[in-house]
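Report on the following structure.
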Amino acid sequence: MLDVKRIRNDFDALSEKLATRGVVAETLNELKELDVKRRELLIKSEELKAQRNIASDDIAQAKRNKEDASEQIAAMQKVSAEIKEIDAELAAIDEKLNTIIVTLPNIPNDSVPVGADEDENVEVRRWGTPRDFDFEVKAHWDLGEDLGILDWERGAKVTGSRFLFYKGLGARLERAIYNFMLDEHAKEGYTEMITPYMVNHDSMFGTGQYPKFKEDTFELDGTDYVLIPTAEVPLTNYYRGEILDGKELPIYFTALSPSFRSEAGSAGRDTRGLIRLHQFHKVEMVKFSKPEDSYDELEKMVVNAENILQKLNLPYRVITLCTGDMGFSAAKTYDLEVWIPAQNTYREISSCSNTEDFQARRAQIRYRDEADGKVKLLHTLNGSGLAVGRTVAAILENYQNEDGSVTIPEVLRPYMGGAEVILPK
């Protein structure tokens, strides 16, 4: 959530920045007008309350002197009625202001490229060379069926589209991948967590999913519970409403969790395979940082995600998202895209973002600065480390062999009882 004072004090510059994120001028002009009116009413309210206090003192004095205080009482009643009217008007303005503020996206960092959509994202670097196959490559969904490790048909029967069963070495491969990821992040100082898989609406508001993106989630009817779309939500809200000791920062969390997404706007996209599911596993990284350190922490987080891909020997590239393609809460985002041979392209496997104080303001997560003793908003960061299903897809396609088998990456073999290859059924 943005700071109204910051918008007020730097309106023109921030309006330009928010325009690059699709915020129309009329919205910000309405916010400005409401803010001006609100401050005018607050001044008037304070003046009237001062008059009421004086009138109250005059009434008390008159009563002590056994004088008629009817005029003072009438005057005070009139002032009190005016105050009540102003308070009602202020409440209505506050509601309108809040409705606008909670739907405004974060302000992009100056280093973020300006652009309308993914076509204007900027490539930062690449790692690894895509393998040159001397046979026709199969898509991971075909490989999974041929190997007997992914069952789409029964997933659809039991639940519906975009669901599947992992089976045998497929289930073991997925488990090996996320255990490997968690172990690697633990080496980098992340505290491993097991979170609730349901959160309340306040938590969804805190990280920016609510109220704007309700349609993308699964809610439990008749309750305050929502199935988590990512472990970012419970991990970030772990400190909601708390004041941390500045000496403890930065704090690193990592967690494996299922992610539940309705994919409301994805009809017709990635209808086959592991790229876009209603339920999938993801290892998440979350950081709590002092503001002055948060961009260094973002770069470190990207390196942590890259480390997984490099140890799996999967070719990838790092992209800086432009203003028009960033997520709602992000001030800056890097995407890591892994090479998918059957599609002859790179696909997102991790997204690492610095939200600056956007989520911290919504969730009221603060710290006491040991230098001056003041309580301040901290910065929160989040990133995938990595999306597990997409990692399975990348391994199946990049490690496939001409005979239909799939070689298991070396770093995963200790997690799979020493198995080196998955053979066709």
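Using N, Cα and C of the backbone, Cβ positions are placed for all residues, glycine too.
Features as listed in Swiss-Prot:
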BINDING   T230, A231, E232, E284, S384  L-serine binding site
BINDING   R261, S262, E263, E348, I349, S350, S351  ATP binding site
CB within-chain contacts under 8 A for E348 (ATP binding site), separation at least 6: D335, L336, E337, A387, R390
Candidate with sparsest Cβ neighbourhood (10 Å radius) among T230, S262, S350, S384, the listed binding-site residues: S262
Spatial neighbour of R261 (ATP binding site) that is closest, considering only the binding-site residues T230, A231, E232, S384 and their CA atoms: T230
Cβ-centroid neighbourhood (8 Å) of the L-serine site, T230, A231, E232, E284, S384 excluded: V233, L235, A255, S257, S259, K282, V283, M285, V286, N382, G383
Candidate with sparsest Cβ neighbourhood (10 Å radius) among R261, I349, S351, the listed binding-site residues: R261
Other CB atoms, at most 10 A from the CB of E284 (L-serine binding site): 29
Rounded Cα separation (Å) that holds between I349 (ATP binding site) and S384 (L-serine binding site): 8
Spatial neighbours, same chain, of E263 (ATP binding site) - Cβ under 8 Å, 6+ residues apart: R162, D216, R276, H278
DSSP three-state assignment (helix, strand or coil) for E263 (ATP binding site): coil
Subset of binding-site residues (T230, A231, E232) lying within 10 A of S351 (ATP binding site), CA to CA, in sequence order: none
